[in-house]
């Protein structure tokens with residue numbers, strides 16, 4: 001059995017290729033035009049910012065004089081909200097266009113939270129005025145606040161969340177092979193796995209009497225196993241890939257007989273031609289799954305083809 005650090009492992013080559021492509025991302029309008037959610041929300045945000053900017057500009061120029069007991073001066077902190085949202089919307093545009101959402105989503109959510117506070121404060125200072133320009137600026141800030149709330153929910157949710165996975169299923173740009181390799185084939189780089197299990201069940205037989213090896217690495221065996229005449233349990237390639245570790249693809253895996261789970265593909269996947277155990281599938285295709293532990297699931301297609309599939313391309317039904 002080749003060790004886990006073998007340079008000939010297809011999985012390690014995937015990881016290395018993912019690291020190389022990670023630094024080559026360029027801005028592409030196709031990532032926005034091909035994503036209806038990003039196109040709609042960014043367009044509304046830019047339009048709302050333009051309304052807020054010109055409304056605030058005319059309200060600041062044409063502000064009426066103060067009367068006794070009434071302060072009619074324009075709230076200057078509104079300009080800080082306008083400037084902040086300009087860079088915020090541009091930043092979201094750049095992140096989505098460069099397909100770097102999984103890299104910067106935490107920072108985006110933090111900035112969106114600050115922007116929501118600023119926009120609601122600006123609305124409070126403008127909405128109660130009877131001046132048309134201030135009301136227009138307040139309307140723009142309200143639209144920005146609404147888009148911000150939607151963005152916080154989207155960017156703050158895991159890619160495996162049902163609402164976000166449903167929204168991402170309409171994005172055509174996420175179908176490119178470059179995005180699939182960068183986001184998912186790096187075993188932890190990009191979209192997280194949909195299963196929280198990190199270790200498959202241990203193999204136990206009555207003949208071993210509790211002396212089986214609990215370690216996933218074959219070279220680290222317990223003293224009881226070394227002193228026993230019974231050979232260690234066989235660990236297949238499937239068990240290694242279930243733990244997210246690259247394994248050997250020398251032999252085929254005997255498929256299980258039961259597939260109690262059903263999963264839907266949220267991305268298309270092309271099997272590695274050097275690994276006979278992987279299976280290809282198309283977006284929105286329904287697969288039957290036998291085991292949902294680990295990053296690789298044993299799956300069966302409707303035509304009867306069986307193999308292993310990356311769990312972060314699938315969502316359980």
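Quick reminder: no glycine exception, Cβ is built from N, Cα and C everywhere.
Annotated range for transmembrane segment in Swiss-Prot, selecting from 13-33, 76-96: 76-96. Going by Swiss-Prot, the topological domain containing residue 36 carries the same name as the one containing residue 100, and both residues are therefore on the same side of the membrane. Record note: among 156-206, 207-257, 207-257 is the stretch given as region 'Disordered' by Swiss-Prot. Highest Cβ pair count under 8 Å relative to the transmembrane segment (37-57), across stretches 76-96, 107-127, 136-156: 136-156. Residues 55-56, 58-59, 62-64, 74 of the same chain sit 6 or more residues outside the topological domain 'Extracellular' (128-135) yet have a Cβ under 8 Å from a Cβ within it.
If one looks beyond the transmembrane segment (76-96) by at least 6 residues along the same chain, the residues whose Cβ comes under 8 Å of a Cβ in the stretch are 27, 31-32, 35, 38, 42, 45-46, 49, 52-53, 56, 60, 103-104, 108, 111-112, 114-115, 118-119, 121-122, 125-126, 137, 141, 144, 151. The average per-residue pLDDT of the prediction over the topological domain 'Extracellular' (58-75) is 75, rounded to a whole number.
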